[in-house]
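> Starting off with a structure, shown below.
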Amino acid sequence: MPVESSSSSGSRQAKQKRKSHSLSIRRTNSTEQDRSGLQRELLEGQDSKLPLSLRTNLLDLFSQIEREFENLYLENIELRREIESLNDRLAADGQAVEGADLAKGALKTKASHSTSQLSQKLKTTYKASTSKIVSSFKATTSRAVCQLVKEYVGHRDGIWDLSTTRAQPVVLGTASADHTAMLWSIETGKCLLKYLGHQGSVNSIKFHPSEQMALTASGDQTAHIWRYLVQLPTPQPIADTTTPCEDDVDSSDKDDGDGDAEGPNDCPSVRVPTTTLRSHQGVVIAADWLVGGKQVVTASWDRAANLYDVETSELVHSLTGHDQELTHCCTHPNQRLVVTSSRDTTFRLWDFRDPSIHSVNVFQGHTDTVTSAVFTVGDNVVSGSDDRTVKVWDLKNMRSPIATIRTDSAVNRISVSVNQKIIALPHDNRQVRLFDMSGVRLARLPRSNRQGHRRMVCCSAWCEDNTACNLFTCGFDRQAIGWNINIPALLQEK
């Protein structure tokens with residue numbers, strides 16, 4: 001028989017390809033002609049302000065896009081059929097697959113892919129189980145290290161600020177939006193005294209370094225200094241109020257009550273201050289005693305901080321420079337230094353150590369309102385902000401922070417423990433977290449539907465010398481909470 005030459009067979013294949021290609025072009029052209037005719041009919045029947053040529057071009061473009069999607073859709077259907085076929089073959093317990101080597105290669109690739117998927121599922125399941133075990137262990141450890149000891153309930157509105165006395169007897173003070181300040185027995189949770197001298201929200205409370213005097217700042221544009229005399233009740237055994245640390249449960253709908261505890265209604269009250277400080281033209285948001293207790297500083301929404309003489313109640317200095325409302329002020333425990341925070345994203349350090357020179361330094365490191373800035377015993381300042389960060393600064397090098405803590409919620413009035421320098425961060429999201437000065441997270445205080453804060457946590461305050469409660473927090477759920485933090489165990493876990 002005659003044998004075709006390779007050249008003749010190649011020319012025949014080329015002719016067939018050209019023929020099939022011309023057929024496909026004819027089909028495509030005929031389809032496009034039908035579509036273009038339909039498009040022209042649609043164009044004539046529609047009322048549009050666009051020129052006909054522009055509308056035709058747009059429809060041509062949309063037609064091309066439609067064809068591309070049609071091709072992708074058909075390819076997807078074909079791929080799904082192949083996947084189903086391969087899955088059926090894989091289910092045949094290792095039976096041989098008939099077909100070309102390409103099909104075998106595809107099958108091997110698919111089998112390898114399925115094996116990797118199974119391996120990934122096993123790893124994911126293992127990691128999830130391990131994560132649950134580790135989380136359970138951490139929760140148990142957290143309960144042992146951080147325990148809720150006492151709740152102080154009696155205010156009729158949210159509590160903005162709290163602090164403990166420095167002089168004996170040691171009591172807890174709270175400042176509330178209900179226009180009152182209260183003093184509490186730390187051990188029993190009973191209200192010992194109520195201050196009723198303000199006509200507006202009481203925004204902060206601080207105690208004299210050595211005498212039984214309190215300093216409160218208020219929305220009535222004044223700050224008051226008033227004396228208190230309290231008698232501690234007989235301490236009673238502290239009930240174990242700790243509960244398992246469960247996952248966070250939204251208990252915002254839980255009944256907060258009216259805050260009508262028997263203690264606050266029965267406790268004595270003070271209505272007249274010893275000294276009233278008037279100079280601000282706006283809300284006085286915070287106030288603090290300078291070292292020695294002979295002068296106080298106040299911070300206001302009028303963008304100024306004022307320094308007063310306690311004995312004469314005269315204005316000594318007006319500290320101006322902030323571009324927006326002040327949010328907080330704090331004094332150094334051992335030196336004549338003041339730090340003021342503002343909504344202008346900065347905080348300022350005022351130096352009164354030299355009577356003839358009052359220098360000021362501006363710290364710029366936050367991107368939102370600086371809610372508070374506090375001193376440590378050493379040469380550090382810790383600032384918290386609505387930008388969800390906390391920064392640690394060195395007074396000797398103020399250009400950049402030495403540590404930055406990033407959180408998931410705005411930070412309110414922070415506090416730093418004196419001895420171990422542990423930072424307590426109260427958050428808008430009802431959480432309270434503990435960090436060290438290098439930014440390492442140490443713990444999160446337990447919070448569930450049965451314990452902890454149910455609203456925004458506004459402030460934290462350390463009292464390391466108290467054996468029952470060494471950390472206090474308050475919030476807009478109208479309560480203050482006393483915690484026992486096992487600091488040695490906390491640092492050991494670190």
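Along the chain as shown, residues are numbered 1 onward.
Heads up, the Cβ atoms here are built off N, Cα and C, so glycines get one too.
Features from TrEMBL:
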COILED    62-89  coiled coil
COMPBIAS  1-13  compositional bias 'Low complexity'
COMPBIAS  22-31  compositional bias 'Polar residues'
COMPBIAS  245-263  compositional bias 'Acidic residues'
REGION    1-37  region 'Disordered'
REGION    237-273  region 'Disordered'
REPEAT    152-194  repeat 'WD'
REPEAT    195-226  repeat 'WD'
REPEAT    277-318  repeat 'WD'
REPEAT    319-360  repeat 'WD'
REPEAT    363-403  repeat 'WD'
> Report, as numbers and ranges, which residues of the same chain sit near the repeat 'WD' (363-403): CB under 8 Å and 6 or more residues beyond its ends.
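Distant contacts of the repeat 'WD' (363-403): 327-328, 330-334, 337, 339-343, 345-349, 409-416, 418, 421, 423, 425, 435, 437-439.
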> Just to be sure I understand, if DSSP states are collapsed into helix, strand and coil, how many residues of the repeat 'WD' (319-360) fall in each?
0 helix, 27 strand, 15 coil
> Please work out the helix, strand and coil residue numbers for the repeat 'WD' (195-226) from the DSSP assignment.
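Split by secondary structure, the repeat 'WD' (195-226) comes out as 0 helix, 18 strand, 14 coil.
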> Looking only at the repeat 'WD' (277-318), how are its residues distributed among DSSP helix, strand and coil?
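Grouping H, G, I as helix and E, B as strand yields 0 helix, 24 strand, 18 coil.
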> For the coiled coil (62-89), what's the mean pLDDT in this predicted model?
85
